[in-house]
Amino acid sequence: MGGVEDEEPALKRMKLSSKGLIGLSNGSSSVEPIGGSSSDLMARPLPSEGDEDVIGSKGVIKREEFVRIIAKALYSLGYKKSGAYLEEESGIALHSSVVNLFMQQILDGHWDESVATLHNIGLADESIVRSASSLILEQKFFELLEGEKVMDALKTLRTEIAPLCINSSRLRELSSCFVSPHDIVKARSRSKLLEELQKVLPPTVMIPDRRLEHLVEQALILQREACIFHNSMDKEMSLYSDHQCGKDQIPSRTLQILEAHDDEVWFVQFSHNGKYLASSSNDRSAIIWEVGLDGGLSVKHRLSGHQKPVSSVSWSPDDQELLTCGVEEVIRRWNVSTGECLQVYEKLGVGLVSCAWSPTGKYILSGLSDKSICTWELNGKELDSWKGQRTLKISDLAITGDGKQILSICKDNEIVLFNRETKDERFIEEDQTITSFSLSKDNKFLLVSLLNQEIHLWKIDGNPKLVGKYKGHRRSRFVIRSCFGGLKQAFIASGSEDSQVYIWHRSSGDLIEALPGHSGAVNCVAWNPANPHMLASASDDRTIRIWGLNCLNVKYQNVHSNGIHYCNGAT
């Protein structure tokens, strides 16, 4: 296959004009046949039995379409000689002679002739002809204005563009060019105009740019989505073979056991950048763990000061600060670097039951034991409060990335999506008691854990809609938390009262793994957002397990409570 060279192949059927088409990405050429017998040297398709109009084992690929798309791709890649050879040898032209003439007229700026040729292409839909004509005549209009031929531009607008009646608002925009000449939009390049025309004209007339690349990408994406174990970067996918991952891409081997807590570990959450893990425990402490460059975790700070068990934590958007929430107690804000307690948030007569950061990091949110929700400035000043049935005593709390919607469990079987700006409320209603929920990174989905040992996936942009269910784990007495995770959050993970970690494929709902190892109920799981191959699980057995790939030939040193740096959060 030829690259881009200066001299044209002797066998090329059509010459390129000295300007215009030679620079096009689609490599289309003007219609000027070359005489001579050199074309006899080309290999010709041999007669064969059967249907020559289709190729492939399934009989669904039309030969002509296939060849034209390949030729289009060759020209787009700059292999103009190879594209021309393909047209010559196959006898299948990328474009008809009329379309080639039309394209050349566009590039040469022969607007009236190109509109006339457009009518000769044989388009059945008159609206397409009008739309294409409008694009051409607008180009003519702007080029006349740029050439300071104002009267000719006005005539084009009145006698050629206006009668097409394509868009009255667009007509007003063009008319304003005469009133405000400084606001005139510069005419697009003529090759850009051809790209716009490709979008309007049927693909049988002008094949869309990068059509072959689009088809190949679609095939790869479909293969990826059909692969329930896919958890590696897309750049590792190849065209040479069908894509299929094995279970070795799923974190399923314990690489490290963290044993620094003195009681049940209730909650774990990785920082957004994946460099830290925070855990909270019934031992009334939280621990910040640092993820080393080798993937091993070590204690950075142990955060003490709560008078009650610590139920949850929340990372600031920049990962520089951490919130810890005691059970119906107070919220504490910590400096991740130093371990210093920066602020205590409390309200007289009520306990705080949940915590979350605003997307900007300028304020925090909390659910209260009186079932209200509060927002606080970082200095501890209360900003706003929403009374009524907004939250439960044991509840999760989240806010969407745009800061507009607050999500909270407002009743045993209901989650409220409260719009802070409009005060509108939407509800997700379940038949069973809701124990916890998790918001997806793109804010479009909500993972809801239920009392009946099911996890439900809800689509929440627009009217909430149930789109998935996951089963297999055990839950009867405790709050068990689940999470999104893996590459592009393609997996669902959950703790379980049978001491195992469960992993499902998000789209199919297939159970992929049930990971043994813990000796007590697994209360919470967290997937590292920066490393799809790292998973953490927190258990009543007082440990945190770090899970990684089976193929990793590493085993990190377990971490015990000896030698931990304690940070006193007293204020």
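Each Cβ is built from the backbone N, Cα and C atoms, and glycine gets one as well.
Any TrEMBL annotation is an automated prediction that lacks curation.
Per TrEMBL, the feature compositional bias 'Low complexity' maps to 27-39. Here TrEMBL flags 95-152 as domain 'CTLH'. Marked as region 'Disordered' by TrEMBL: 21-43. Look at TrEMBL and you will find 258-291, 303-344, 515-550 tagged as repeat 'WD'.
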Using DSSP, break the domain 'CTLH' (95-152) down into helix, strand and coil residues and give each count. 46 helix, 0 strand, 12 coil
Model confidence over the repeat 'WD' (303-344), as mean pLDDT, sits at 97
The DSSP breakdown of the repeat 'WD' (258-291) into helix, strand and coil residues is 0 helix, 21 strand, 13 coil
Hey, which bits of the same chain come close to the repeat 'WD' (258-291), Cβ under 8 Å, at least six residues off its ends? 297-304, 306-315, 317, 319, 322, 324, 326, 334, 336, 339, 479, 481, 520, 523-531, 534, 536-540, 542-546, 558-561, 564
